[in-house]
Amino acid sequence: MVHGAVLNPAVARKSENLAGTIRIPGDKSISHRSFMLGGLASGQTRISGLLEGEDVLATGRAMQAMGAHVRKEGDTWIIDGVGNGLLLEPEAPLDFGNAGTGVRLTMGLVGTYGFEATFTGDASLSSRPMGRVLDPLRLMGVQVTAAEGDRLPVTLRGPDIAVPITYRVPMASAQVKSAVLLAGLNTPGTTTVVEPVMTRDHTEKMLTGFGADLSVETDADGVRTIALQGQGKLNGQEIDVPGDPSSTAFPLIAALLVPGSRVTIENVLMNPTRTGLITTLLEMGADIAIENRRLAGGEDVADLVVSASDLRGVTVPPERAPSMIDEYPALAIAAAFAEGETVMEGLEELRVKESDRLSAVAAGLKINGVDCEEGKASLTVRGVPGGKGLGSVSPTVAVETHLDHRIAMSFLIMGLAAERPVRVDDSAIIVTSFPEFMDMMAGLGADISAERKAA
Ligand code: S3P
């Protein structure tokens, strides 16, 4: 049981010379979509490199509950899909645990079916806004029952025939874009999404790969219009999931901050909608060699050779936020060790992640001695090169992780370079996205230890 029943506090201590070669587990976004589209398509989908984190496994179980056959042979996941338009009514509520992407995209996928489906999640997921996905579904004719403020648990019942819509996504969100497109799969005619600010494009790419009739036009201002013809046939695919750039952030930043380190990270997804962190770290003076660029499964991938570096503060422009939205907690840690000030802007979406990441990061930095300021949608961090004076003042002081895997991993990385240890109140939640994190970091020489205690 990972979702809050038992907290597993952990402590990270100053380490030296992280070294080695690691292969980061599969990308979470692509893994979710592989289970969804594989479960929906006709015929067989074979997935290698799938992320076996709790979030993704919840999506696999949901697809199984709606008729897909999912099994694992050796390292390959094999899915026999139901065929577009042929999902079955789930007999029990679909529990998505901590997974925002899983629940929001699946609501789109099944919302337009003429049956009832109920969605539940853990305390973190149940506090997150679902209206951003429920609003376009309502426009398509879906009946919605939700807890106060459009939160989980949510029950959806689709109309006999869903209405195709043109939907302008009101916030930079790949999840909202994707939910509308997936709802369009079971809708007659053309479902159109207008995306003023480009976000990760895995749904568009993968839908095209599975045979959907989908077109994308980008105007002179960068506004994208994505048109999907509904009720087409999808065919099972072979998918090789590249390494997750969001998980990469943790060993990457650890290697930059821990003196004497040199770490190679293989097979990292380099899709430009996901590389904002690398761009930013290079601007900060990071020594990251991008080697062996190649195509894998239709995506750019590369190996990163990372050496310890003296970083300097930068201003990260708001328009970069969508391409590094999950990486700000880790970047804030890098900023805590950089010379001068790092200013991060355009962070309003950070408030509705697995936790309010803006305030969780600021609170964690402050209790570990970092000078920072939390704005409404910004974070300013004044760094201490070498980390002198940073870390917990007492063994009873721990960062509150709020059921947020990325808050836990970010502060554990901080402890590897700070003068004093850094503690987090929970590390169990890390299994949602990066179950191998502890072992992989230990293998590089990081001093992180967990002690199991009752909550
Ligand atoms: C994701 C989109 C992002 C991201 C999340 C994964 C996706 O969320 O934070 O971890 O796979 O589409 P938003 O769409 O809410 O920005």
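In case you wondered, yes, glycine gets a Cβ from its N, Cα and C as well.
Because TrEMBL annotations are produced automatically, they should be read as predictions rather than curated entries.
The following features are taken from TrEMBL:
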DOMAIN    13-440  domain 'Enolpyruvate transferase'
BINDING   K28, S29, R33, S173, Q175, D326, K353  3-phosphoshikimate binding site
BINDING   K28, G100, R128, Q175, R357, R406  phosphoenolpyruvate binding site
ACT_SITE  D326  active site, proton acceptor
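Shown here: features listed in TrEMBL, placed on the structure.
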| residue | record | Cβ contacts under 8 Å, 6 or more apart |
| --- | --- | --- |
| K28 | 3-phosphoshikimate binding site | L51, G53, D55, V56, T101, D244, S246, S247, S433 |
| S29 | 3-phosphoshikimate binding site | T101, A174, R200, H202 |
| G100 | phosphoenolpyruvate binding site | L125, R128, Q175, K353, E354 |
| S173 | 3-phosphoshikimate binding site | R132, T199, E349 |
| D326 | 3-phosphoshikimate binding site | S246, A249, K353, R406 |
| R357 | phosphoenolpyruvate binding site | Y328, P329, L350, R351, D404, R406, I407 |
Greatest C-beta neighbour count within 10 angstroms, which of the binding-site residues R33, R128, K353, R406: R406
DSSP three-state assignment for K28 (3-phosphoshikimate binding site): helix
Close-lying binding-site residues around ligand 1 among S29, R128, S173, Q175, R357, R406, where CB distance stays under 6 Å: S29, S173, Q175
Confidence summary for the domain 'Enolpyruvate transferase' (13-440), mean pLDDT rounded: 98
Cβ-Cβ neighbours of Q175 (3-phosphoshikimate binding site) (radius 10 Å): 24
For 3-phosphoshikimate, whose listed binding residues are K28, S29, R33, S173, Q175, D326, K353, the greatest C-alpha pairwise distance in Å: 19
